[in-house]
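Enquirer: Pulled these from TrEMBL:
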TRANSMEM  A:5-22  transmembrane segment
DOMAIN    A:56-237  domain 'ABC transmembrane type-1'
TRANSMEM  A:60-82  transmembrane segment
TRANSMEM  A:94-117  transmembrane segment
TRANSMEM  A:123-142  transmembrane segment
TRANSMEM  A:163-180  transmembrane segment
TRANSMEM  A:186-207  transmembrane segment
TRANSMEM  A:219-238  transmembrane segment
TRANSMEM  A:271-289  transmembrane segment
Amino acid sequence: MLAYLLLRWSGVGVFVLLWEMAPRLGWIDPYFVPAFSDVVREIVHLLLDDYLGIHIVVSVWRAVVGLSIACLVGVPLGLALGRLYPRLGDALGPLLRVLSQVNPFSLLPVFVLFFGIGEVAKLSVVGWVSLWPVLFYTMTATRNVDPVQEKSAASMGISLPELLLKVILPAALPTIFVGIRIGATITFYILVASEMLGASAGLGFLVHNAAMNYQIPRIYAGATFIVIFGYLLNRFLIRLEGALFAWREDTALPSAASALAPVSGWRPGRGTAWTGAAALVAIVVFGGIEVRNVNREAASVAPGAHSRHFGTPVDGGGN
Amino acid sequence: MATIRNQFFARHLDKLSILLFFVVWQLLPKLGGIVETFITPPTVVFATLVDLFREGDLLSHVGVSLYRSAAGFAGAAAVAIPLGFLLGGNFRTFQRLVGPVLRFLGQVNPFSLFPLFILLFGIGEFSKVAMIFWVCIWPILFNTINAVKGIDPLLVKSARSLGTGVVTLFFKVILPDASPGIFHGLKMGCSTAFFMLIAAEMIGASAGLGWMVWNAQINFQMPQLFAATVLISTLGLTLNFSLGLLESRLVGWKQKSFSGNN
């Protein structure tokens, strides 16, 4: 097991070693590419300063709330369009495809116009982007439920709400979860981008602000941290998927989970579900308070002390 | 007669919703539901597009954007496909070694790298093309590796036992069998390229479609903003559609793969 792990991570080790050696030995200008240890020191420094923590909380809060909105809208809507009103789903299908193809970045200004430059604009962009995979996967999944299961349930006189809740939703859940996982990945992408385009806190802002102030080790620190964070998020979701849907034999979808997640002994039960739900609520509530504080602080900075991050200064106050 | 009408209705039902969407979009500002400054009706958007086209700026912006994405995409394909064949076919142990690094790199959020690209490659064309290159290379590489790895060994062995040479084996067995997977990667890479390009141009550029959106926003030119958005969506859809068409022409003989999104 240890040998396997060593072999598996030796590539990463070599990569880190190269990153450490190249600037130290002068192969690359260390000013542009700081050594790996310097970057790690910068990350630790940011963590100890309690500077990184705020940005993580803000970004995680935005991602969680955005994704939750997408799930709350996408899953019921997908169920309705895929199952209850399939004709309507057929009719609306092309429109939804067209809308999903609209580039979210070109929509960002429109959202800013409608919702201001505050949190709602960012949340709506994140929600918009992650809505489509959730919606489409739900629609497809609820349509492709094994007819035998459905007919068996119907022949035992199941009512429609019960059919939806006890047969169709559980059968469709693995596929829906794939949609949610894809949505989460895209969410994280878009979140960083939208924080770069206009925010006063968050991981994207951290990198962008470092870039604007030419703090090169901090750019690398922020970028590395985002990489690690995204990787961990993805691993966690794949693991969760594998643990939640270990009972499934095969799905219509080629799933990363079946290939990647080892069959672990851990099975989430009722306790895990409650813990997870409590954690989600805690993130939303406490993150929300934190985000409000951060925004209030950013808004209350005296004029002149706070520089704009983008474009030319409005009132020529740049110099 | 009724069945024919039903067939006609069924076939064009899907387009109806798009038409309806445009009608609502047109009427909503007119009826005073929302201020017209915020939502530009499609007729005005179309007029703006025609105006921009007449001024001659539009085509150059589209050209710049297409050039950037095409250059990055072509570079990525030229690197990733041979590399994928090598990693998936000849050097499997090496692939197992570098696999985690590659997967890790593939998950790097491209936006967090954007400042680094500017640092390393300057603020010119090259950094944008490099960014597209970076974004495109991963789906193509991973799909190629998987496609080459997933080739049915029975086919290879049969061909070998019939005395096929290495070159013939590659062109007649391996390449055709791997092509659907590779094409899927190319398709993913292409749509990601276009997607990222807009963001890259919004973050720092002086021309291109993303810049048009950004410029329209900071100057509060709503018609231009909507015009650019519509143009970008249309281009993206056309790209997707033509790639889908190309895919069905080239690798249509293989069973269609399930895809939830596109």
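Quick reminder: no glycine exception, Cβ is built from N, Cα and C everywhere.
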Enquirer: Looking only at the recorded stretches A:60-82, A:163-180, A:219-238, A:271-289, which one has the largest tally of CB-CB distances under 8 Å to the transmembrane segment (A:186-207)?
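Expert: The stretch with the most contacts is A:219-238.
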Enquirer: Out of A:94-117, A:123-142, A:163-180, which stretch touches the transmembrane segment (A:60-82) the most, going by CB pairs under 8 Å?
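Expert: Between the stretches A:94-117, A:123-142, A:163-180, A:123-142 has the largest tally.
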Enquirer: Which sequence positions outside the transmembrane segment (A:123-142), separated from its termini by at least 6 residues, show Cβ-Cβ distances below 8 Å to it?
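Expert: Residues packing against the transmembrane segment (A:123-142) from afar: 62-63, 65-67, 69-71, 73-75, 77-79, 81-83, 89, 96, 99-100, 104, 107-108, 111, 115, 168-169, 171-176, 178-180, 182-184, 186-187, 190-191, 194, 252.
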